[in-house]
Amino acid sequence: MNIKLFCFLSILISLTGLSLSGDDGNYPIDANGNRYSCGKLGENEFCLKVCKLHGVKRGYCYFFKCYCELLKDKDIQFFDAYKTYCKNSRI
């Protein structure tokens with residue numbers, strides 16, 4: 001009985017998108033102040049490149065917008081992330 005309850009709760013939590021680890025992410029914002037749009041849901045190369053521009057290693061398309069896992073609030077805006085990770089820039 002306990003195993004069935006555990007499995008049911010695990011599936012329920014995964015379907016609702018809740019994270020038990022607390023490792024959340026954010027939607028990155030481009031230089032024009034917009035979220036990056038994407039057409040192919042799930043993992044795709046475009047969102048992965050966008051997330052790398054914002055300083056994180058993992059991202060995917062969620063509700064037709066790129067979502068980056070572990071993206072900190074300070075790196076959501078493109079130019080803020082650019083200043084943080086591109087030390088040789090003059091912006």
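Every residue, even glycine, has its Cβ placed from backbone N, Cα and C.
For Cys68, the disulfide partner named by Swiss-Prot from the candidate list Cys51, Cys61, Cys86 is Cys51. Taking the C-alpha positions, the distance from Cys51 (disulfide bond) to Cys38 (disulfide bond) comes to 13 Å.
DSSP assigns Cys61 (disulfide bond) to a strand. The subset of disulfide-bonded residues (Cys47, Cys66, Cys68) lying with their Cα within 10 Å of the Cα of Cys38 (disulfide bond) consists of Cys47, Cys66, given in sequence order.
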